Every structure is written in C-alpha cells, then in structure tokens.
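**Q** Pulled from Swiss-Prot, these are the listed features:
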- R191, A192, G193, R194, T311, N335, S523, R584: CoA binding site (BINDING)
- G387, E388, P389, D411, T412, W413, W414, Q415, T416, D500, R515, R526: ATP binding site (BINDING)
- V537, H539, I542: Mg(2+) binding site (BINDING)
- K609: N6-acetyllysine (MOD_RES)
Amino acid sequence: MTKIMKHPIPIAIAEHALMNEQQYQQDYQLSLQDPDRFWGEKGKIVDWIKPYTKVKNTSFDPGHINIRWFEDGTLNLSANCLDRHLKERGEQTAIIWEGDDPTESKAITYRELHHDVCQFANVLKNMGIKKGDVVAIYMPMVPEAAVAMLACARIGAIHSVIFAGFSPDAVSGRIIDSNTKLVITADEGLRAGRTIPLKKNVDDALNNAAVVNVSNVIVFKRTGNIGHWQSGRDLWWHELVADASADCPVEEINAEDPLFILYTSGSTGKPKGVLHTTGGYLVYASLTFKYVFDYQPGEVYWCTADVGWVTGHSYLLYGPLSCGAITLMFEGVPNYPAVNRLSQIIDKHQVNILYTAPTAIRALMAEGDKAIEGTKRTSLRIMGSVGEPINPEAWEWYYQKIGNSKCPIVDTWWQTETGGFMITPLPGATELKAGSATLPFFGVQPALVDNLGEQLEGVCEGNLVITDSWPGQARSLFGDHDRFEQTYFSTFKGMYFSGDGARRDEDGYYWITGRVDDVLNISGHRLGTAEIESALVSHPKIAEAAVVGTPHNIKGQAIYAYVTLNHGEEPSPELYTEVRNWVRKEIGPIATPDILHWTDSLPKTRSGKIMRRILRKIASGDTNNLGDISTLADPGVVEKLLEEKQTMSIS
C-alpha cells in the first residue's frame, strides 16, 4: 500500500485547541493506568443530584459480563441538557431547525426548549407513563422528536427511537420486543420533497395481533394530511400540550437506570435492542463531543444524522446539548432541492463544525464543483465523518472542496453499542491521515487479534476488539443478556468484539477495514444479512436466499441477493420488481436489494452451511482466486454461478 502522508495540525487550530498531543498522551496513559481516578474526575462534566463514590465496576469474564459505572450516583439527563444552562445561556439558541423546504427554518432557545420539554413530559405523565415504561418514537427530523426524547428522559421513561425509514413490519417488531406502552409519531414526514406516511405505517404496525400494550398514539401535525384516525387511541400533539403545565420537576435517576433502547441489525435474525443507561452514557457523550469536535462556546454545530440512529442520539442531541452547544437539525437530504444544498446550509447558518457520512460525501463528490457552487463555506473550522470507513479519495475531496483545505477531519470509529467515539483524532492533538480513524479516545483499549484470539503486535491486520470497559458502553440487549454475551463476548473471551476488522500502521494509527461478520453497511446504516434473507424467503415464490454486500461507490456497499425460486416458478422482470418491493415493504427502502441473482443452487458445505465467502467474491467480480472449494457438497455450483453472473453482466 502506498504510504499516505500526514496532514499536520493547522496553526489556527493548535493555538486554541482544548487538547494538544502531549496532553492527550498524558491523559490517555492515565485513563488506562488509573481508570477510577481518570473517570472519577471526568465524570464531573455532568451535574449529579447525588454524587457518585464508586466509579468503575466492570467484568468481561465469561458468564459474568457486568458493566457498571458511577453506580451509586443519581442525575437527570434532561436537567443536564436544559435546566443547568438556563441561567447562563437561556436565551442562546439550542436547536437551529432547517426544513426540507429551504424557506422553512427556525431557532429554538434553551429556555423555549426547556418549556416545551416540561410541557410534553407532563403530557406523558398525564397519560400514565412512568419511570421504566418504554415509549416508541417514530418521528421525522423535527424539533418535536428531540422534545419527545428529552421529555422521556426527564421522567425516567425509556425511549426507543425507530428510524422513520423503517416499514410497518419493522416498527411492530420493535414495539413488540420492547413492550412499548405509547407511540409518538407524525401524520407524515417530509424528505426530498416527498411525503413519508408515518401515521399510516404506525396504524399498520399496530394491526399486528402481538402488539398488546399500546393504548395511545400521539400524532404531531407536520403536513396536515390526516388519513385514518382511531378515536380514543389517536391524539393530537398540539391539543395535548395546550392543556399541559410547563412546570415539571426532574425525576432523580440512578446512573445505571435505562435511558434508551436502540435497535440495531444482528448477523443472526431479529434486530437487537441495544440498552444504554444514563450516567456513563451521558458522561461519555459529553466528553467525546467536547474534545473530538474541540467545541468552543457559541459555535454552530451540524450533525446530519437522523435521530433514529445512535449518531442522532449522541451527537445531534445529547452530547451537544449537555455541553450547551448550538446544534443544527436538518429535515432533508444534502442534495435537495439542489446539489449544493449542504453547502448552502453551511453558509446560511454559518456552520462552524460539520459532521456527516461518507455516503453523503461520495454523492456530492460525484457532482464535482456543482456541490459547492455559489457558496463560500468559510465559517467551517472542523469537519467529521461517521458511519463507515471513508476512502482516502473521498476524504481528500471533503478536505479540499467542502473544507477549503483548512479544516481538520475527525474520522470517527464507533458503534451503536459503544455509545460514543472509540477511535478518533482530536483536532489539536492528532496529525491526520486520509482514511484512518487514527488513535483511541481516553479509556479505550483497542487490540487486534487473529482468528484464535491471540493479540497481534505492531504493524498488522486483524479483528478489532476492546479489552476493557468504558463508560458509554451498552449494558445489555433489552430482555436478553445471554444474547448480549453471545454476540459481543463469546468470539474472543474476555474481550468486546466489534465485528469489524482493522489494520494498524507504523504510527500506531488504526484503519478500519469493514465488517468481518454478516452485517452490511449501507450508506452508514447497519443491516443484518439474516434479516434481509428472512424477508426474501417469506415471499411465497422464493425457496432460498443468500445476501452479501458488494462495493458501491456511493453507498459503500450494495445489497446483492442470490435467490432460488420454488419449483415451477420462473424468473421474470415482473417478479424482479415484485421481490424488490416485497423486501422494501418487509423492512424498509434502505434494505431493498440492488441486484437479484436468480440461481438454482447455492454453494454449500456438506453440513449445509452456505459459503458466503465465495458468494461475496462472485458478486464483486473478484473471481481469480475463489480459494478452497473442495469442502463444497457440489463444487460444480460455483461454475454455474459464474456463468449466470457473466450472462447478467452481458444483459
């Protein structure tokens, strides 16, 4: 591999940065050698009702996975994000909202947000929601989504935010698994000029007979297109808040009380409800936000992520708001109504820090200079990348074109399960390499291991594991601690396995190489191959399916599905469309297969295991070295698949 040159730290950044290289090295060493002392001090970044005396109580031992931080302390997340800022910055903007339509935008101050959250928290209480109840939030990117989340946290209810792109079946599955009591949605969402039928999707989801505990649906009026309305069950947001008091004292919450559940794709079957608790999560989200973005008071920060993903939780809302930041929430997409929309928003709101995904960057890069036409972007100071590894070409384009070659890029590696950044540059402390996530954050102990779990030293490539706990770590999977241990701690004993592969270079920098398990990364969104395969096989004409990811220059990975039809069924253009729409309905648009490869048989071992390694190589056209196929029950299948692929390419 060609050596990638380092980008030095710009002098303008170094002069005012919160952290330099020497300080980083010193603090990082302390965080490993004496985590109790380090986190005992850093835990004070948030306000505690009852201060903690215990800091770290964790175990990665087989059969005893236990993760507890600040466990005797109490606090309230909503108070940390709102109440504590009222005296100093009550009139400062908390959220800038930019609508899908460029003519729609508004600013909400900390005082106004506090008022709205208290009102809505009282609405929840009036509806019988209490501490420990689960509330599902299926909302578009409007400030009310943030209000709903903060209101849940204020009273100790657990929120389960469901991405607005998910289908009714995906919504009902999450409602059933989490035992949801109340659903909050909108009549419709708006995205790139199109409407998303959120309320209709909720209606369809609640028709599932296994949904038993949802007694009410609160509906925010976004477009005014009402559709079906179930009297008694469905209630308008604006009518409920009109009668609610704006006085709502915070609930005292233990550090280890649940804060939220967020469902993420598993490599085996149904999605996993990742459970985060309150204290450690908020400390970690706050500290990582402050140092990784080198946040300075009064700066405008824009994270383009949806609230339905963990990035929207940690780095659109909770991290920024707990630090008293100005956070921008965008309803639309970066290339609508014009391909320079992202750049226009940067100029319009004088954005100082931009945090977006490689998918968006690659889509804009494909437009060339049109993506920045008529804009200056001179307000930008720091930029970030999230969701998947960023290829060096896209990194350089982002750096030169969007950032005018002056803004450090923090390429952050982390996961839903980690709660916050794990491997990331710090703007004033880390020289950058295009495409590398660089070095671990405080308290994070990464290691690379071979397939037997032996740690590899120096320059190497292997499975990325974390050898000790950190405060933002997920505590469990909702209602299934055994699956939590099985998923993350059984592959390599005594270590958290990320499911990602990585390379370490001569400077100790980490380069994430992508998933090593059966999870796809589509436009920064994780989707389990098993989930897509289940959806395909539920189609009445399909006998078997195997899904793999193949490189895609915009989305990172495309979904390539090998499909075997039932006896007597024949492939056709109509069936091709029908099957793609079927998956779209079962899971959501994000999971729609890009390519269907009709085939009579799949490469299987004698024990019946599908050899995905071969399918991945065929899908991506990497067929020169298919490796050992002697273990296949019928090696002739491979030749047939290659011929089919050739025919598909020609057609």
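Placement of Cβ uses the backbone N, Cα and C atoms for every residue, glycine included.
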**Q** Anything within 10 Å of S523 (CoA binding site)? Look among the binding-site residues G387, P389, R515, H539, I542, comparing CA atoms, and list what you find.
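**A** Cα filter at 10 Å returns G387.
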**Q** Would you mind pulling the DSSP three-state label for T311 (CoA binding site)?
**A** helix
**Q** Can you tell me the CA-to-CA distance separating A192 (CoA binding site) and G387 (ATP binding site), as a whole number of Å?
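**A** Their Cα atoms are separated by 21 Å.
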**Q** Do you know which of the binding-site residues R194, R515 has the most other C-beta atoms within 10 angstroms of its C-beta?
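**A** When each Cβ's neighbours within 10 Å are tallied, R515 tops the list.
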**Q** Show which residues of the chain containing N335 (CoA binding site), separated from it by at least 6 in sequence, have their CB under 8 Å from its CB.
**A** R341, L342, A363, L364, E367, A371
**Q** DSSP three-state call for N335 (CoA binding site): helix, strand or coil?
**A** coil
**Q** Spatial neighbours of I542 (Mg(2+) binding site) among the binding-site residues T311, P389, T412, T416, R584, defined as Cα within 10 A: which are they?
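**A** The binding-site residues passing the 10 Å Cα test: none.
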**Q** By a 10 A CB contact count over all chains shown, which of the binding-site residues listed here is most packed: T311, S523?
**A** T311
**Q** Report the same-chain neighbours of R191 (CoA binding site): residues 6+ apart in sequence with Cβ closer than 8 Å to its Cβ, ordered by sequence.
**A** D100, P140, E331, G332, V333
**Q** So which other residues, same chain and not among V537, H539, I542, have a Cβ within 8 Å of the centroid of the Cβ atoms at the Mg(2+) site?
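**A** Going along the sequence, the neighbours appear as A535, L536, S538, P540, K541, A543, E544, A545, V563, V579, W582.
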**Q** Using DSSP reduced to three states, classify T412 (ATP binding site) as helix, strand or coil.
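**A** The three-state answer is coil.
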